[in-house]
Amino acid sequence: MWTPRVPPPRPALSFFLLLLLGVTYGLFPEEPPPLSVAPRDYLSHYPVFVGSGPGRLTAAEGAEDLNIQRVLRVNRTLFIGDRDNLYQVELEPSTSTELRYQRKLTWRSNPSDIDVCRMKGKQEGECRNFVKVLLLRDESTLFVCGSNAFNPICANYSMDTLQLLGDSISGMARCPYDPKHANVALFSDGMLFTATVTDFLAIDAVIYRSLGDRPTLRTVKHDSKWFKEPYFVHAVEWGSHVYFFFREIAMEFNYLEKVVVSRVARVCKNDVGGSPRVLEKQWTSFLKARLNCSVPGDSHFYFNVLQAVTGVVSLGGRPVILAVFSTPSNSIPGSAVCAFDMNQVAAVFEGRFREQKSPESIWTPVPEDQVPRPRPGCCAAPGMQYNASSALPDEILNFVKTHPLMDEAVPSLGHSPWIVRTLMRHQLTRVAVDVGAGPWGNQTIVFLGSEAGTVLKFLVKPNASVSGTTGPSIFLEEFETYRPDRCGRPSSAGEWGQRLLSLELDAASGGLLAAFPRCVVRVPVARCQLYSGCMKNCIGSQDPYCGWAPDGSCIFLRPGTSATFEQDVSGASTSGLGDCTGLLRASLSDDRAGLVSVNLLVTSSVAAFVVGAVVSGFSVGWFVGLRERRELARRKDKEAILAHGGSEAVLSVSRLGERRGTGPGGRGGAGGGPGGPPEALLAPLMQNGWTKAALLHGGPHDLDTGLLPTPEQTPLPQKRLPTPHPHAHALGSRAWDHSHALLSASASTSLLLLAPARASEQPQVPAEPGPESRLCAPRSCRASHPGDFPLTPHASPDRRRVVSAPTGPLDPSVGDGLPGPWSPPATSSLRRPGPHGPPTAALRRTHTFNSGEARPGGHRPRRHPPADSTHLLPCGTGERTAPPVP
């Protein structure tokens, strides 16, 4: 059998893949790799805090792992908010190899609060006091809030001694119930501004103002126009407003299912709420707008998920905030850094409003002539038309309540991201910025932290022009911050333990404070010692923190340093600086575990698709060919069977005599032809009550196959005739026609009874008529109508005859039926194979009662009188019975 073989790869396929690779590089430009990758062995030199106290090298034996929630740096002191504990850690000296706490505050939940928490269905590990708010209230006071087993509580503590100051207060609307929920908080003018949830089920999201000398205010409750499942990220104070940065589901895109967008909202610090009729004890200055961080083009590519925001910094004389955005989890992985000018943010809140006139309509801008005056959202103050927000007209208050969304989005500086990283293994979620890097303090370094603790360091050069664009950012370095030997191995800590919580710059010590759930690591901002001994590498690193010293070392440069050094952050050619071993770019991509090449990924995907398509095509072709080959083999097998062993199955039974006469056995041979004795073909023709052994075992007479029925003599299908009238039993042509039709109909469901060819050689032995024959006439006379019963056959030697045999049992209850089936007499001419077996003698030829079916011409001379069928005719036609078969 032919088996297909898969052809070898053709040069055309290889050429196609190479061409595809070239096109891919053109469509997806490769992102620049870092100029340097810090070796992982440097992690062992970084100081780490894991809960160790004074005089301890490690945490106390048997102590729980840390579960850090908040980190606050105040000058040279670091406060770490943990589960049930608050630590005070001194950051000096900066050369220490271990960070230890100097003071520790244990703040556990009450047993009653824990019992209530467990009754509400929470786990034991959740019913603890997690520090979620950690703020500096004044120069000597810390404001701390904890979840307190899903019953938030807040208190004031001394910053120096961690002693409780005053009584505790409720943390509702100031601290979330669940430690997994996000929240932001800040103090401004002695008032606490928080953004969190106010209920146990985290349904009611709120921006809340409390404490201070002004009334408590909150956002409208359960209004999707104000909030729709928000996730609060950061809050900053600027001017007379407090700005909140968050992401939420956009109601203006309700026709696009759930679309997450980034927002900035603001409220006036001096807002005192609305009138008793509208917005009482609620914000009257709350407005929100969208943050636009997208790649420009015919169709903008948006980074909609806000991850982190810096404080307000000055870049080129502008108040700027930097924000990290990412794509949704079900989209192409990517992150971007966009900068926003606070002046442009404020200008958007002075623009047009957006509204939805009906729940089914889309959101459209509100015409300026429909905006009431004074402008909704403004800060009412003494000296203005309205001295306080509570004095505003109801028209303005109603407009603010129903139109909190601005029509325009806040554009990013340069209308494009400053930094874009796509197809990273982990998204960027944290950001820290140093706007005074370098010996002259005029360089801007951006540190981006990923979910797994990998930090990317970029040098950005913002343009001081009005457009606010920036030049190409330089990817300086990539380094790790998570210490698995102290913070826990990824196999045990998992992704949760390695998640980067915060990234804060400690410029005084030249380091970064990276907080993880189980540890806090201080990492230097630069590793200049890696380039010592090679001037080309030190200067080629373009790192503002590093410079080449005359003694042949690469040193760390602090702002205002007076040391002599060489540095080039512009990226000029270093060809004239000589060569040295371990060139910088030669070892860049040795261990870039956090990045994946776009070109490699796209090319591999397309190549896998092409190869899979080719293999699938060959597989389908092979299976189709296999099915065709099996079908061909099946047809050949059938033909072989018919040609060798089954020829008698398709030949006319009337030709068996010729096959026997011409076969190897001939008539007198013993073989009986190549297909065996023809009696084997006739055995299945016998029905119940007739023996097959008489044909298979033979007898004293051979079977004359020439006398078998031909297709022309095959009876026609039986057609049931209408029942004649009971009085139609008189003599005449009508009675004969009825009997003739009865005989024809009964013959169609009967067997073929054959007589041997040598029947004429046997003497005629008269036999006594059986009981059925003697009773035939009386029973037939009693019949009122013909029944579907077979006829009694009679032998006739003159020609081939077809008679009827019984095909089913007779119903003895029918008293007016025709005579029952005929049984052959027990004569000496019929031999039995056993004492009880049926006769095995060959059957004699019989005559068909339907003379119309006899084949004309060519018959042998008649040796016996024709059979008498008068007993089947209606009453009065005769009393004769059929003579027995001799």
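Placed from the backbone N, Cα and C atoms, the Cβ positions cover glycine too.
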Key: Among Cys528, Cys534, Cys538, cysteine joined to Cys580 by disulfide in Swiss-Prot   = Cys534
Task = Compare the Cα of Cys379 (disulfide bond) against each of the disulfide-bonded residues Cys145, Cys487, Cys580 and report the nearest.
result = Cys145
Key: Cys534 (disulfide bond) and Cys117 (disulfide bond), Cα-Cα, nearest whole angstrom   = 62
Ask   = Pick from Cys145, Cys154, Cys379, Cys487: which of these disulfide-bonded residues has the biggest number of other Cβ atoms within 10 Å of its Cβ?
value = Cys145
Note = Here the disulfide-bonded residues are Cys127, Cys268, Cys487, Cys554, and the Cα closest to that of Cys154 (disulfide bond) is found at Cys127
Note = Counting every protein chain shown, other Cβ atoms within 10 Å of the Cβ of Cys554 (disulfide bond) number 27
Query = Taking DSSP three-state, what's Cys127 (disulfide bond) in: helix, strand or coil?
reply = coil
Where Cys293 (disulfide bond) sits in the secondary structure, as DSSP reduces it to three classes = coil
Key: Cβ-Cβ neighbours of Cys293 (disulfide bond) (radius 10 Å)   = 29
Ask   = Around Cys538 (disulfide bond), how many other CB atoms lie within 10 A of its CB?
value = 29
Note = Taking only the CA atoms, the spacing between Cys528 (disulfide bond) and Cys538 (disulfide bond), expressed in whole angstrom, is 7
